[in-house]
Amino acid sequence: MAANMYRVGDYVYFENSSSNPYLIRRIEELNKTASGNVEAKVVCFYRRRDISNTLIMLADKHAKEIEEESETTVEADLTDKQKHQLKHRELFLSRQYESLPATHIRGKCSVALLNETESVLSYLDKEDTFFYSLVYDPSLKTLLADKGEIRVGPRYQADIPEMLLEGESDEREQSKLEVKVWDPNSPLTDRQIDQFLVVARAVGTFARALDCSSSVRQPSLHMSAAAASRDITLFHAMDTLYRHSYDLSSAISVLVPLGGPVLCRDEMEEWSASEASLFEEALEKYGKDFNDIRQDFLPWKSLTSIIEYYYMWKTTDRYVQQKRLKAAEAESKLKQVYIPTYSKPNPNQISTSNGKPGAVNGAVGTTFQPQNPLLGRACESCYATQSHQWYSWGPPNMQCRLCAICWLYWKKYGGLKMPTQSEEEKLSPSPTTEDPRVRSHVSRQAMQGMPVRNTGSPKSAVKTRQAFFLHTTYFTKFARQVCKNTLRLRQAARRPFVAINYAAIRAEYADRHAELSGSPLKSKSTRKPLACIIGYLEIHPAKKPNVIRSTPSLQTPTTKRMLTTPNHTSLSILGKRNYSHHNGLDELTCCVSD
(Lines of atoms letter the chains of each structure in order from A and count residues from 1; the text may use other names and numbers.)
(Lines give C-alpha, C1' and ligand atoms only; values in the text may rest on other atoms or scores of the structure.)
Protein backbone atom coordinates (compact mmCIF):
# COMPACT_ATOMS: atom_id res chain seq x y z
CA MET A 1 0.00 0.00 0.00
CA ALA A 2 2.74 2.48 0.97
CA ALA A 3 4.80 1.56 -2.09
CA ASN A 4 1.94 2.55 -4.41
CA MET A 5 1.18 5.81 -2.56
CA TYR A 6 2.85 8.78 -4.23
CA ARG A 7 3.14 12.19 -2.56
CA VAL A 8 4.33 15.65 -3.50
CA GLY A 9 8.12 15.72 -3.48
CA ASP A 10 8.61 12.07 -4.44
CA TYR A 11 10.99 11.07 -7.23
CA VAL A 12 9.21 8.66 -9.55
CA TYR A 13 9.55 6.76 -12.82
CA PHE A 14 7.24 7.76 -15.68
CA GLU A 15 6.72 5.62 -18.78
CA ASN A 16 6.05 7.49 -22.00
CA SER A 17 7.05 4.69 -24.39
CA SER A 18 7.02 0.93 -24.15
CA SER A 19 10.51 0.61 -25.67
CA ASN A 20 12.29 3.66 -24.24
CA PRO A 21 13.67 3.96 -20.69
CA TYR A 22 11.61 5.48 -17.91
CA LEU A 23 11.51 9.23 -17.38
CA ILE A 24 12.74 10.40 -13.97
CA ARG A 25 10.66 13.21 -12.51
CA ARG A 26 9.96 14.91 -9.19
CA ILE A 27 6.32 15.50 -8.27
CA GLU A 28 5.59 19.17 -7.53
CA GLU A 29 1.79 19.15 -7.62
CA LEU A 30 -1.06 16.67 -7.96
CA ASN A 31 -4.06 18.18 -9.72
CA LYS A 32 -7.43 16.67 -10.47
CA THR A 33 -8.78 17.47 -13.92
CA ALA A 34 -12.39 18.11 -14.90
CA SER A 35 -12.70 14.57 -16.22
CA GLY A 36 -11.70 13.13 -12.84
CA ASN A 37 -8.19 12.06 -13.82
CA VAL A 38 -5.13 13.03 -11.81
CA GLU A 39 -2.27 14.90 -13.43
CA ALA A 40 1.13 15.45 -11.87
CA LYS A 41 3.11 18.64 -12.36
CA VAL A 42 6.70 17.43 -12.33
CA VAL A 43 10.27 18.71 -12.59
CA CYS A 44 12.27 17.12 -15.42
CA PHE A 45 15.54 15.26 -14.96
CA TYR A 46 17.66 14.27 -17.96
CA ARG A 47 20.02 11.34 -18.48
CA ARG A 48 23.38 11.40 -20.21
CA ARG A 49 21.80 9.83 -23.28
CA ASP A 50 19.38 12.78 -23.54
CA ILE A 51 21.99 15.51 -24.01
CA SER A 52 24.57 16.14 -26.71
CA ASN A 53 28.07 14.70 -26.75
CA THR A 54 29.57 18.18 -26.40
CA LEU A 55 27.79 18.75 -23.11
CA ILE A 56 28.73 15.27 -21.92
CA MET A 57 32.39 16.12 -22.50
CA LEU A 58 31.93 19.32 -20.48
CA ALA A 59 30.28 17.37 -17.66
CA ASP A 60 33.15 14.86 -17.59
CA LYS A 61 35.65 17.72 -17.56
CA HIS A 62 33.82 19.34 -14.65
CA ALA A 63 33.82 16.07 -12.72
CA LYS A 64 37.54 15.64 -13.37
CA GLU A 65 38.28 19.16 -12.09
CA ILE A 66 36.31 18.51 -8.91
CA GLU A 67 38.20 15.26 -8.45
CA GLU A 68 41.53 17.06 -8.83
CA GLU A 69 40.54 19.82 -6.40
CA SER A 70 39.45 17.33 -3.77
CA GLU A 71 42.65 15.30 -4.39
CA THR A 72 40.73 12.05 -4.44
CA THR A 73 40.79 9.30 -7.03
CA VAL A 74 37.13 8.52 -7.46
CA GLU A 75 37.24 6.35 -10.57
CA ALA A 76 40.74 4.95 -10.16
CA ASP A 77 39.60 2.02 -8.03
CA LEU A 78 36.53 1.23 -10.14
CA THR A 79 36.37 -1.50 -12.74
CA ASP A 80 35.25 -0.87 -16.30
CA LYS A 81 31.84 -2.33 -15.51
CA GLN A 82 31.40 -0.08 -12.46
CA LYS A 83 32.45 3.00 -14.44
CA HIS A 84 29.96 2.03 -17.13
CA GLN A 85 27.10 1.59 -14.66
CA LEU A 86 28.02 4.74 -12.72
CA LYS A 87 27.28 6.82 -15.82
CA HIS A 88 23.73 5.45 -15.79
CA ARG A 89 23.22 6.87 -12.28
CA GLU A 90 24.13 10.44 -13.26
CA LEU A 91 21.27 12.83 -13.98
CA PHE A 92 20.98 16.50 -14.88
CA LEU A 93 18.45 18.72 -13.14
CA SER A 94 16.42 21.21 -15.15
CA ARG A 95 14.06 24.10 -14.45
CA GLN A 96 11.54 22.68 -16.88
CA TYR A 97 8.08 21.67 -15.71
CA GLU A 98 5.57 19.46 -17.44
CA SER A 99 2.26 17.78 -16.66
CA LEU A 100 1.94 14.02 -17.02
CA PRO A 101 -0.89 11.61 -16.24
CA ALA A 102 -0.43 10.04 -12.83
CA THR A 103 -1.39 6.65 -14.25
CA HIS A 104 1.96 6.56 -16.09
CA ILE A 105 3.89 6.33 -12.83
CA ARG A 106 5.82 3.05 -12.64
CA GLY A 107 7.61 3.29 -9.29
CA LYS A 108 9.70 5.37 -6.91
CA CYS A 109 13.37 6.28 -7.01
CA SER A 110 15.81 8.47 -5.12
CA VAL A 111 17.73 11.46 -6.52
CA ALA A 112 20.26 13.41 -4.47
CA LEU A 113 22.85 16.10 -5.00
CA LEU A 114 26.30 14.59 -5.49
CA ASN A 115 28.04 14.31 -2.14
CA GLU A 116 31.79 14.74 -2.56
CA THR A 117 32.53 13.20 0.84
CA GLU A 118 30.60 10.02 0.05
CA SER A 119 31.95 7.19 -2.04
CA VAL A 120 30.44 6.75 -5.48
CA LEU A 121 30.05 3.05 -4.77
CA SER A 122 27.20 3.95 -2.42
CA TYR A 123 25.12 4.92 -5.46
CA LEU A 124 25.85 1.61 -7.18
CA ASP A 125 25.08 -0.45 -4.09
CA LYS A 126 21.59 1.05 -3.73
CA GLU A 127 18.80 0.23 -6.13
CA ASP A 128 16.90 3.07 -7.85
CA THR A 129 19.41 5.66 -6.61
CA PHE A 130 20.66 8.53 -8.77
CA PHE A 131 22.73 11.67 -8.30
CA TYR A 132 23.16 15.02 -10.05
CA SER A 133 25.59 17.92 -9.86
CA LEU A 134 24.78 20.08 -12.90
CA VAL A 135 21.68 21.87 -14.18
CA TYR A 136 20.69 21.40 -17.83
CA ASP A 137 18.78 24.04 -19.79
CA PRO A 138 16.93 22.31 -22.68
CA SER A 139 16.21 25.57 -24.51
CA LEU A 140 19.72 27.06 -24.34
CA LYS A 141 21.53 23.68 -24.37
CA THR A 142 23.81 24.68 -21.47
CA LEU A 143 25.08 23.14 -18.24
CA LEU A 144 25.46 25.07 -14.97
CA ALA A 145 26.60 24.13 -11.49
CA ASP A 146 23.67 23.70 -9.10
CA LYS A 147 25.49 24.67 -5.92
CA GLY A 148 27.32 27.84 -5.03
CA GLU A 149 31.03 28.01 -4.40
CA ILE A 150 32.69 29.14 -1.20
CA ARG A 151 34.07 32.62 -1.71
CA VAL A 152 37.64 32.85 -0.52
CA GLY A 153 39.68 36.02 -0.22
CA PRO A 154 39.97 39.30 1.71
CA ARG A 155 36.73 40.56 0.18
CA TYR A 156 34.72 37.75 1.76
CA GLN A 157 36.65 36.73 4.88
CA ALA A 158 37.51 38.99 7.80
CA ASP A 159 41.11 39.37 8.91
CA ILE A 160 41.03 38.15 12.50
CA PRO A 161 43.62 39.98 14.64
CA GLU A 162 45.65 38.26 17.28
CA MET A 163 44.09 37.96 20.73
CA LEU A 164 45.06 40.74 23.14
CA LEU A 165 46.81 39.77 26.32
CA GLU A 166 45.36 40.63 29.69
CA GLY A 167 45.90 44.32 30.40
CA GLU A 168 46.97 45.12 26.83
CA SER A 169 45.19 48.05 25.19
CA ASP A 170 43.75 48.07 21.69
CA GLU A 171 45.84 50.42 19.58
CA ARG A 172 43.43 50.48 16.66
CA GLU A 173 41.61 53.71 15.86
CA GLN A 174 37.98 53.13 16.71
CA SER A 175 36.71 55.90 14.43
CA LYS A 176 37.79 53.86 11.41
CA LEU A 177 36.04 50.73 12.66
CA GLU A 178 32.57 52.18 13.36
CA VAL A 179 30.39 55.15 12.50
CA LYS A 180 28.12 56.79 15.04
CA VAL A 181 24.64 57.57 13.65
CA TRP A 182 22.59 58.21 16.79
CA ASP A 183 23.16 59.47 20.30
CA PRO A 184 20.77 58.04 22.88
CA ASN A 185 21.80 60.74 25.38
CA SER A 186 20.44 63.60 23.28
CA PRO A 187 18.91 66.74 24.86
CA LEU A 188 15.56 66.02 23.17
CA THR A 189 12.85 63.98 24.80
CA ASP A 190 11.11 61.05 23.12
CA ARG A 191 7.98 63.17 22.62
CA GLN A 192 9.93 65.86 20.77
CA ILE A 193 11.57 63.26 18.57
CA ASP A 194 8.19 61.69 17.72
CA GLN A 195 6.79 65.11 16.81
CA PHE A 196 9.74 65.70 14.49
CA LEU A 197 9.10 62.36 12.80
CA VAL A 198 5.45 63.35 12.25
CA VAL A 199 6.65 66.53 10.57
CA ALA A 200 9.00 64.45 8.39
CA ARG A 201 6.09 62.21 7.30
CA ALA A 202 4.00 65.26 6.43
CA VAL A 203 6.85 66.70 4.38
CA GLY A 204 7.20 63.37 2.55
CA THR A 205 3.46 63.27 1.78
CA PHE A 206 3.54 66.82 0.46
CA ALA A 207 6.63 66.04 -1.65
CA ARG A 208 4.82 63.09 -3.29
CA ALA A 209 1.87 65.33 -4.10
CA LEU A 210 4.22 67.68 -5.97
CA ASP A 211 6.06 64.87 -7.79
CA CYS A 212 4.31 63.81 -11.01
CA SER A 213 5.63 60.24 -11.11
CA SER A 214 4.68 59.65 -7.48
CA SER A 215 1.19 61.06 -7.98
CA VAL A 216 0.62 58.52 -10.74
CA ARG A 217 1.81 55.60 -8.62
CA GLN A 218 0.03 56.81 -5.46
CA PRO A 219 -3.09 58.54 -6.76
CA SER A 220 -4.78 58.84 -3.34
CA LEU A 221 -3.74 60.72 -0.22
CA HIS A 222 -3.90 57.54 1.82
CA MET A 223 -1.38 55.76 -0.43
CA SER A 224 0.96 58.77 -0.41
CA ALA A 225 0.85 58.96 3.39
CA ALA A 226 1.56 55.23 3.64
CA ALA A 227 4.55 55.56 1.30
CA ALA A 228 5.85 58.56 3.30
CA SER A 229 5.68 56.52 6.51
CA ARG A 230 8.14 53.90 5.28
CA ASP A 231 11.52 53.37 6.93
CA ILE A 232 13.56 55.34 4.41
CA THR A 233 11.74 58.58 5.35
CA LEU A 234 12.12 57.98 9.10
CA PHE A 235 15.80 57.01 8.80
CA HIS A 236 16.53 60.14 6.78
CA ALA A 237 14.78 62.33 9.36
CA MET A 238 16.66 60.80 12.30
CA ASP A 239 19.98 61.10 10.45
CA THR A 240 19.24 64.75 9.69
CA LEU A 241 18.41 65.42 13.34
CA TYR A 242 21.69 63.81 14.48
CA ARG A 243 23.84 65.69 11.95
CA HIS A 244 22.39 69.03 13.20
CA SER A 245 23.10 68.23 16.85
CA TYR A 246 19.41 67.70 17.62
CA ASP A 247 18.47 71.29 16.69
CA LEU A 248 14.85 71.03 15.57
CA SER A 249 14.70 74.33 13.68
CA SER A 250 17.81 73.68 11.59
CA ALA A 251 16.76 70.07 10.92
CA ILE A 252 13.31 71.17 9.67
CA SER A 253 14.91 73.77 7.42
CA VAL A 254 16.98 71.00 5.84
CA LEU A 255 13.85 68.88 5.23
CA VAL A 256 12.20 71.82 3.43
CA PRO A 257 14.92 73.62 1.45
CA LEU A 258 14.34 76.45 -1.02
CA GLY A 259 13.92 74.12 -4.00
CA GLY A 260 11.06 72.18 -2.42
CA PRO A 261 10.51 69.44 0.14
CA VAL A 262 12.91 66.48 0.25
CA LEU A 263 11.51 63.27 -1.32
CA CYS A 264 12.93 59.94 -0.11
CA ARG A 265 11.91 56.84 -2.05
CA ASP A 266 12.90 53.21 -1.57
CA GLU A 267 12.82 50.22 -3.96
CA MET A 268 9.08 49.76 -3.52
CA GLU A 269 8.45 53.16 -5.11
CA GLU A 270 11.28 53.02 -7.63
CA TRP A 271 9.91 49.88 -9.29
CA SER A 272 7.11 50.17 -11.82
CA ALA A 273 3.98 48.02 -11.89
CA SER A 274 5.27 45.98 -14.85
CA GLU A 275 8.57 45.31 -13.07
CA ALA A 276 6.67 44.20 -9.97
CA SER A 277 4.62 41.78 -12.08
CA LEU A 278 7.79 40.37 -13.64
CA PHE A 279 9.29 39.89 -10.20
CA GLU A 280 6.25 38.00 -8.94
CA GLU A 281 6.28 35.80 -12.04
CA ALA A 282 9.98 35.07 -11.61
CA LEU A 283 9.52 34.36 -7.92
CA GLU A 284 6.82 31.85 -8.79
CA LYS A 285 9.13 30.08 -11.23
CA TYR A 286 12.55 30.23 -9.55
CA GLY A 287 11.74 30.79 -5.90
CA LYS A 288 14.38 32.77 -4.03
CA ASP A 289 17.07 32.18 -6.63
CA PHE A 290 17.78 35.87 -7.17
CA ASN A 291 20.63 35.28 -9.62
CA ASP A 292 18.34 33.45 -12.04
CA ILE A 293 15.60 36.04 -11.49
CA ARG A 294 17.99 38.82 -12.44
CA GLN A 295 19.43 36.92 -15.40
CA ASP A 296 16.15 35.83 -17.01
CA PHE A 297 13.61 38.45 -15.95
CA LEU A 298 15.22 41.66 -14.61
CA PRO A 299 18.70 42.06 -16.12
CA TRP A 300 18.57 45.88 -15.80
CA LYS A 301 18.23 45.63 -12.01
CA SER A 302 21.12 45.06 -9.66
CA LEU A 303 21.19 42.07 -7.36
CA THR A 304 21.13 44.38 -4.33
CA SER A 305 18.03 46.12 -5.64
CA ILE A 306 16.22 42.81 -6.22
CA ILE A 307 17.00 41.47 -2.75
CA GLU A 308 15.99 44.75 -1.12
CA TYR A 309 12.73 44.80 -3.05
CA TYR A 310 11.99 41.19 -2.08
CA TYR A 311 12.13 41.87 1.66
CA MET A 312 10.07 45.04 1.25
CA TRP A 313 7.57 43.17 -0.91
CA LYS A 314 7.08 40.64 1.90
CA THR A 315 5.75 43.47 4.11
CA THR A 316 3.00 44.44 1.67
CA ASP A 317 -0.62 43.35 1.66
CA ARG A 318 -0.15 41.73 -1.74
CA TYR A 319 2.27 39.22 -0.26
CA VAL A 320 -0.15 38.42 2.53
CA GLN A 321 -2.98 37.91 0.02
CA GLN A 322 -0.87 35.62 -2.17
CA LYS A 323 0.20 33.65 0.85
CA ARG A 324 -3.41 33.10 1.84
CA LEU A 325 -4.37 32.10 -1.70
CA LYS A 326 -1.52 29.60 -1.88
CA ALA A 327 -2.50 28.14 1.46
CA ALA A 328 -6.11 27.77 0.26
CA GLU A 329 -4.96 26.16 -2.99
CA ALA A 330 -2.69 23.79 -1.09
CA GLU A 331 -5.63 22.70 1.03
CA SER A 332 -7.76 22.02 -2.03
CA LYS A 333 -5.02 20.20 -3.95
CA LEU A 334 -4.24 16.54 -3.65
CA LYS A 335 -1.42 15.68 -1.31
CA GLN A 336 -1.07 12.06 -2.34
CA VAL A 337 -2.44 9.64 -4.87
CA TYR A 338 -2.66 5.86 -5.00
CA ILE A 339 -1.52 4.26 -8.26
CA PRO A 340 -1.94 0.47 -8.47
CA THR A 341 0.86 -1.66 -9.79
CA TYR A 342 0.99 -1.71 -13.59
CA SER A 343 0.32 -5.28 -14.70
CA LYS A 344 -0.39 -5.01 -18.43
CA PRO A 345 2.02 -6.93 -20.72
CA ASN A 346 4.63 -4.89 -22.52
CA PRO A 347 4.26 -4.79 -26.33
CA ASN A 348 7.99 -5.58 -26.60
CA GLN A 349 7.47 -8.83 -24.75
CA ILE A 350 8.29 -11.82 -26.95
CA SER A 351 5.64 -14.48 -26.58
CA THR A 352 6.93 -18.05 -26.75
CA SER A 353 3.79 -19.88 -25.69
CA ASN A 354 1.55 -21.68 -28.21
CA GLY A 355 4.00 -20.82 -30.95
CA LYS A 356 2.59 -17.28 -31.34
CA PRO A 357 5.14 -14.67 -32.37
CA GLY A 358 5.54 -11.51 -30.32
CA ALA A 359 5.44 -7.98 -31.66
CA VAL A 360 8.69 -6.15 -32.11
CA ASN A 361 8.79 -2.66 -30.58
CA GLY A 362 5.03 -2.55 -30.65
CA ALA A 363 4.98 -2.03 -34.43
CA VAL A 364 1.80 -3.05 -36.17
CA GLY A 365 2.31 -5.78 -38.71
CA THR A 366 5.92 -6.39 -37.66
CA THR A 367 6.56 -9.65 -35.92
CA PHE A 368 9.55 -11.40 -34.46
CA GLN A 369 9.81 -15.13 -34.79
CA PRO A 370 10.89 -16.50 -31.40
CA GLN A 371 13.76 -18.91 -31.32
CA ASN A 372 14.85 -21.50 -28.85
CA PRO A 373 16.76 -19.66 -26.08
CA LEU A 374 19.37 -22.38 -26.03
CA LEU A 375 20.01 -22.18 -29.77
CA GLY A 376 18.92 -18.63 -30.58
CA ARG A 377 20.34 -15.22 -29.92
CA ALA A 378 21.78 -14.39 -26.53
CA CYS A 379 20.92 -11.38 -24.39
CA GLU A 380 22.52 -8.24 -25.79
CA SER A 381 23.60 -7.12 -22.31
CA CYS A 382 24.63 -10.11 -20.19
CA TYR A 383 24.86 -12.67 -23.06
CA ALA A 384 22.61 -15.07 -21.17
CA THR A 385 20.84 -17.75 -23.19
CA GLN A 386 18.10 -18.62 -20.69
CA SER A 387 15.43 -16.37 -19.23
CA HIS A 388 11.83 -16.77 -18.15
CA GLN A 389 10.90 -13.86 -20.42
CA TRP A 390 12.49 -12.14 -23.41
CA TYR A 391 11.96 -8.60 -24.72
CA SER A 392 12.75 -7.23 -28.16
CA TRP A 393 15.25 -4.38 -28.06
CA GLY A 394 16.62 -2.03 -30.67
CA PRO A 395 15.57 -1.65 -34.31
CA PRO A 396 13.19 -4.34 -35.59
CA ASN A 397 15.53 -5.39 -38.41
CA MET A 398 18.33 -6.11 -35.91
CA GLN A 399 16.19 -8.68 -34.04
CA CYS A 400 18.01 -8.06 -30.75
CA ARG A 401 16.55 -9.04 -27.41
CA LEU A 402 17.15 -8.69 -23.68
CA CYS A 403 16.46 -11.00 -20.79
CA ALA A 404 14.01 -9.99 -18.07
CA ILE A 405 16.69 -8.70 -15.67
CA CYS A 406 18.51 -6.64 -18.29
CA TRP A 407 15.21 -5.32 -19.63
CA LEU A 408 14.30 -3.94 -16.20
CA TYR A 409 17.79 -2.45 -15.91
CA TRP A 410 17.36 -0.83 -19.33
CA LYS A 411 14.01 0.69 -18.39
CA LYS A 412 15.27 2.10 -15.07
CA TYR A 413 18.80 3.21 -15.88
CA GLY A 414 18.68 3.83 -19.63
CA GLY A 415 21.57 1.56 -20.63
CA LEU A 416 22.88 -1.98 -20.77
CA LYS A 417 24.48 -3.59 -17.73
CA MET A 418 27.66 -4.58 -19.55
CA PRO A 419 29.83 -2.19 -21.60
CA THR A 420 29.40 -2.52 -25.35
CA GLN A 421 32.22 -3.16 -27.78
CA SER A 422 32.45 0.52 -28.75
CA GLU A 423 32.84 1.61 -25.12
CA GLU A 424 35.55 -0.98 -24.54
CA GLU A 425 37.41 0.35 -27.56
CA LYS A 426 37.23 3.86 -26.08
CA LEU A 427 38.81 2.61 -22.86
CA SER A 428 41.47 0.52 -24.61
CA PRO A 429 41.55 1.28 -28.35
CA SER A 430 42.58 -1.58 -30.58
CA PRO A 431 45.25 -0.88 -33.20
CA THR A 432 43.63 -3.13 -35.77
CA THR A 433 41.16 -0.49 -36.97
CA GLU A 434 43.98 1.98 -37.57
CA ASP A 435 45.46 -0.25 -40.28
CA PRO A 436 43.99 0.83 -43.66
CA ARG A 437 44.11 -2.77 -44.87
CA VAL A 438 41.86 -3.84 -42.00
CA ARG A 439 39.68 -0.73 -41.86
CA SER A 440 38.01 -1.54 -45.17
CA HIS A 441 36.75 -4.83 -43.73
CA VAL A 442 35.42 -3.42 -40.46
CA SER A 443 31.65 -3.20 -40.28
CA ARG A 444 29.97 0.17 -40.62
CA GLN A 445 28.60 0.01 -37.08
CA ALA A 446 32.03 -0.41 -35.50
CA MET A 447 33.53 2.43 -37.55
CA GLN A 448 30.76 4.84 -36.45
CA GLY A 449 31.06 3.93 -32.78
CA MET A 450 27.77 2.02 -32.65
CA PRO A 451 27.49 -1.20 -30.66
CA VAL A 452 27.86 -4.26 -32.84
CA ARG A 453 24.91 -6.58 -32.55
CA ASN A 454 25.75 -9.77 -30.72
CA THR A 455 24.36 -12.90 -32.35
CA GLY A 456 25.14 -15.19 -29.44
CA SER A 457 27.79 -17.05 -31.42
CA PRO A 458 31.55 -16.69 -31.05
CA LYS A 459 31.93 -15.88 -34.73
CA SER A 460 32.76 -12.34 -35.60
CA ALA A 461 30.03 -10.10 -36.92
CA VAL A 462 32.40 -8.52 -39.46
CA LYS A 463 31.45 -9.26 -43.07
CA THR A 464 33.31 -8.54 -46.29
CA ARG A 465 31.83 -6.08 -48.70
CA GLN A 466 30.01 -7.38 -51.74
CA ALA A 467 31.98 -7.07 -54.99
CA PHE A 468 30.51 -5.05 -57.87
CA PHE A 469 31.53 -3.57 -61.25
CA LEU A 470 30.22 -0.73 -63.42
CA HIS A 471 28.99 -1.74 -66.88
CA THR A 472 28.75 1.07 -69.45
CA THR A 473 25.69 0.81 -71.70
CA TYR A 474 25.72 1.25 -75.48
CA PHE A 475 23.72 4.47 -75.13
CA THR A 476 26.37 5.99 -72.86
CA LYS A 477 29.21 5.03 -75.18
CA PHE A 478 27.41 6.44 -78.23
CA ALA A 479 26.44 9.64 -76.38
CA ARG A 480 30.06 10.33 -75.44
CA GLN A 481 30.95 10.63 -79.14
CA VAL A 482 27.77 12.22 -80.46
CA CYS A 483 27.38 14.83 -77.72
CA LYS A 484 30.99 15.84 -77.21
CA ASN A 485 30.30 19.57 -77.40
CA THR A 486 27.52 19.37 -74.83
CA LEU A 487 29.12 16.84 -72.53
CA ARG A 488 32.65 18.33 -72.44
CA LEU A 489 34.21 15.56 -70.39
CA ARG A 490 37.51 17.34 -69.79
CA GLN A 491 35.82 20.38 -68.25
CA ALA A 492 33.47 18.15 -66.25
CA ALA A 493 36.39 16.17 -64.84
CA ARG A 494 37.91 19.37 -63.48
CA ARG A 495 34.64 20.26 -61.74
CA PRO A 496 33.51 17.05 -60.03
CA PHE A 497 30.92 18.77 -57.82
CA VAL A 498 29.05 20.46 -60.69
CA ALA A 499 26.16 18.36 -61.98
CA ILE A 500 26.03 17.38 -65.65
CA ASN A 501 22.91 18.41 -67.57
CA TYR A 502 21.61 15.00 -68.58
CA ALA A 503 18.41 16.48 -70.04
CA ALA A 504 20.34 18.46 -72.67
CA ILE A 505 22.46 15.42 -73.53
CA ARG A 506 19.38 13.23 -73.96
CA ALA A 507 17.70 15.86 -76.16
CA GLU A 508 20.76 16.20 -78.42
CA TYR A 509 21.15 12.43 -78.58
CA ALA A 510 17.50 12.01 -79.58
CA ASP A 511 17.89 14.57 -82.40
CA ARG A 512 21.09 13.11 -83.82
CA HIS A 513 20.37 9.45 -83.22
CA ALA A 514 18.15 9.14 -86.30
CA GLU A 515 20.74 10.54 -88.73
CA LEU A 516 23.64 8.64 -87.15
CA SER A 517 21.88 5.35 -86.52
CA GLY A 518 23.38 3.78 -89.68
CA SER A 519 26.96 4.82 -89.00
CA PRO A 520 29.02 2.41 -86.93
CA LEU A 521 30.29 3.38 -83.55
CA LYS A 522 33.79 4.82 -83.79
CA SER A 523 36.14 2.91 -81.60
CA LYS A 524 39.19 4.31 -79.90
CA SER A 525 42.55 3.72 -81.60
CA THR A 526 44.62 1.15 -79.81
CA ARG A 527 48.40 1.17 -79.59
CA LYS A 528 50.31 -1.66 -81.26
CA PRO A 529 52.26 -3.98 -79.02
CA LEU A 530 55.95 -3.28 -78.53
CA ALA A 531 57.04 -6.54 -80.17
CA CYS A 532 55.42 -5.50 -83.48
CA ILE A 533 57.19 -2.15 -83.38
CA ILE A 534 60.57 -3.79 -82.78
CA GLY A 535 60.01 -6.23 -85.65
CA TYR A 536 59.10 -3.39 -87.99
CA LEU A 537 62.24 -1.46 -87.07
CA GLU A 538 64.42 -4.51 -87.74
CA ILE A 539 62.91 -5.02 -91.20
CA HIS A 540 63.01 -1.32 -92.08
CA PRO A 541 66.20 0.02 -90.49
CA ALA A 542 66.84 3.74 -90.41
CA LYS A 543 69.13 5.33 -92.99
CA LYS A 544 72.72 5.76 -91.87
CA PRO A 545 73.97 9.37 -91.93
CA ASN A 546 77.25 10.42 -93.54
CA VAL A 547 80.39 9.57 -91.59
CA ILE A 548 81.87 12.57 -89.86
CA ARG A 549 85.66 12.61 -90.09
CA SER A 550 87.75 14.78 -87.84
CA THR A 551 90.91 16.75 -88.82
CA PRO A 552 94.10 15.00 -87.78
CA SER A 553 96.04 16.72 -85.02
CA LEU A 554 99.81 16.95 -84.67
CA GLN A 555 100.05 16.81 -80.88
CA THR A 556 97.59 14.06 -80.14
CA PRO A 557 98.03 10.47 -81.17
CA THR A 558 95.59 8.86 -83.51
CA THR A 559 92.88 6.92 -81.70
CA LYS A 560 89.91 5.00 -82.91
CA ARG A 561 86.75 4.47 -80.96
CA MET A 562 83.87 2.35 -82.10
CA LEU A 563 80.32 3.44 -81.12
CA THR A 564 78.46 0.23 -80.56
CA THR A 565 74.96 -0.24 -81.78
CA PRO A 566 72.49 -0.56 -78.92
CA ASN A 567 70.67 -3.81 -78.57
CA HIS A 568 66.97 -3.57 -79.31
CA THR A 569 66.16 -6.21 -76.76
CA SER A 570 67.14 -3.90 -73.92
CA LEU A 571 64.56 -1.42 -75.17
CA SER A 572 61.82 -3.99 -74.92
CA ILE A 573 62.80 -4.81 -71.36
CA LEU A 574 63.17 -1.27 -70.05
CA GLY A 575 60.45 0.27 -72.17
CA LYS A 576 62.28 3.65 -72.23
CA ARG A 577 64.27 5.62 -74.82
CA ASN A 578 67.13 7.92 -73.89
CA TYR A 579 68.13 11.22 -75.42
CA SER A 580 70.21 9.62 -78.19
CA HIS A 581 67.31 7.40 -79.26
CA HIS A 582 64.97 10.36 -79.62
CA ASN A 583 67.49 12.24 -81.75
CA GLY A 584 68.08 9.42 -84.28
CA LEU A 585 71.53 8.46 -83.06
CA ASP A 586 70.62 4.95 -82.03
CA GLU A 587 71.69 3.50 -85.41
CA LEU A 588 74.86 5.56 -85.66
CA THR A 589 78.17 3.67 -85.82
CA CYS A 590 81.21 5.71 -86.61
CA CYS A 591 84.91 5.93 -85.97
CA VAL A 592 86.47 9.02 -84.59
CA SER A 593 90.13 9.38 -85.51
CA ASP A 594 92.61 12.12 -85.59
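One-based numbering along the chain as shown.
Any Cβ shown, glycine's included, is placed from N, Cα and C.
Feature annotations, reproduced from Swiss-Prot:
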DOMAIN    1-147  domain 'BAH'
DOMAIN    148-259  domain 'ELM2'
DOMAIN    266-318  domain 'SANT'
ZN_FING   379-406  zinc finger
MOD_RES   SER428  phosphoserine
MOD_RES   SER430  phosphoserine
MOD_RES   THR455  phosphothreonine
MOD_RES   SER519  phosphoserine
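When pLDDT values are averaged over the zinc finger (379-406), the model yields 89. Broken down with DSSP, the domain 'ELM2' (148-259) shows 60 helix, 0 strand, 52 coil. The domain 'SANT' (266-318): residue composition by secondary structure is 38 helix, 0 strand, 15 coil, according to DSSP.
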